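A.B. asks: Structure incoming, see below.
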């Protein structure tokens, strides 16, 4: 972006996923570029550390859609002091500016002892700013029209692109060539760590420069790493770690808050507790425990709220983080891993999340967090720090201390490391003084310094002591891999899917309305076609109508179920790796939940089409017609499930679905009846569910009709001679179609169990 010939840059949350030191360097680079080339940049940041905040010239503070302050950064504290508020020492200014707008946090910053505190709303701040001396200065500056003579001669471009189209084509081809070459390479990752065990009831921060391997280390410890090569040993209480057992006593809060969007907060916690707590805990005890967790994580006001879709509806980002923690806590883990719990949050939301994390630690659990840009408050809420250099080498593992005293004392004791500035963020300082560039300048290796320190020796002695197996000690062992039986797993999964499907109006209501619309449309097109049985052409047209209706509905059903299945698969990956359930109960519950909705769809379309086309109104024929519509639509849906299960993404599944649907329609028996096919191809219809589906539909209506055609043969004889359909095979056709459904469901379940496309 910076290489483009532009004069203004707009940057939204550019620090997400970066450590504080890297963020500082990036903003510093942007500032230098702005000053040298006389450009303008407007940057939004969620949790800027103090040293990064001080790089900015001006600040715009927004609250409830209002401009609370706009002006020089160095004057912002003066404005809020004029409103009666003061920023405490060792408090990041950026954090203070965000929290002062919160009704819950504002009172602690009130500094006028002569007046009682009253909440100052965003509107009052806006009104106060309009009376502040800066407002008149800014207003007068904005009132002066811009002198267009100062425009650059290229300010108003006359072309859409910055280069000729041929040059753009060459650039795109060169880029694609490079990408294709790189996609042919195979990369391997060799991971090796010597992690120190954290203490029970302690909150440990796992920090390091971007690329140091923080998340990788946490994934390895938690047993979530599924790529690369892992070397070394992990022991738990002196025994080698067994992942199945370890998953039962640990929890993992992923960076991205993945939950079923159509469950409420309480239902999500109930579902997790149902599957992860021991089976000897009854329902009332389980519910009491859930209530305790909700109180601990401050979720009571949100209990009946739908989780919703990220950025669209439901919970806010901060509320999702807290719910992610609660979902893991209801499993009552002894160890909790959290991957960047404050990522994507502003300072106030991050403080709320860390308060709930601190509450969790105070219950006696061990919590390990990777963290990128902690404010001073958040950083000093941790008990211990695990600091990594690039490449995964340890450079500090130990206590942080009051006001980061022990961390600061350790690094200031290393030759050449300067004193920390007053008010500087210790987390950022620790990252900055341990970079590779600083190592070259100082002539030290911080990893080696740590290995030569007394702190390292104490940690090694602690590991040795903890790895001693005490007499009569037993390894962590559970008789089963999962907390609940397969039947309970199936019941819980079916319960969750029932809740989700019932609330999924865009999926279910639309497909039912679509079925009605399609039925009416085709009913009008093929009006009274079923009553005409005088010629072969009448039968051709009627069979064609059946083929078109069921093929259209089936293809549409397979297409609409794919987004639902792919969304559920993301949740499935998180829940299975957490040891909540096996893949088979989940897959079978997904298969079964579609049955009632598909039955409703089949009844709607059958009633409309059957009446408007004018088939013979007998109970047996109508029920058979409805049954074959239902069974055909359901195997198309199961085909959609199956293709999603064997595909890495929805696009691949769509391509496969197009190939399969085209093949099935060609060999459905309408375009080319089986007796008219080449002898060497007549086996294919037997393995095509579309052929059996059309077989069942047509034979249920015409297989026993004795009406004579203009050729002298009966309809029944024509169906047997031309299409190869026998009415006596009706029950076999039904059995074959049911078998196809079971086969597709089994392939789906097996694929879900054996294939994993999670990255």
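For all residues, glycine too, the Cβ spot is worked out from N, Cα and C.
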A.B. asks: Can you say which of 574-594, 595-615 is given as transmembrane segment in TrEMBL?
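C.D. replies: When 574-594, 595-615 are checked in TrEMBL, transmembrane segment belongs to 595-615.
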A.B. asks: Looking at 473-493, 683-703, which one is transmembrane segment according to TrEMBL?
C.D. replies: 683-703
A.B. asks: Could you tell me whether the transmembrane segment (539-559) and the transmembrane segment (652-671) have 3+ CB pairs under 8 A, leaving out pairs under 6 positions apart?
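C.D. replies: They do touch: at least three Cβ pairs between the two stretches lie under 8 Å.
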A.B. asks: Ranking 509-527, 539-559, 729-750 by Cβ pairs under 8 Å to the transmembrane segment (595-615), which is first?
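C.D. replies: Selected stretch: 509-527, with the most Cβ pairs under 8 Å.
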A.B. asks: Of the listed stretches 509-527, 539-559, 683-703, 729-750, which one has the most C-beta pairs under 8 A with the transmembrane segment (622-646)?
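C.D. replies: By the under-8 Å Cβ criterion, the transmembrane segment (622-646) pairs most with 729-750.
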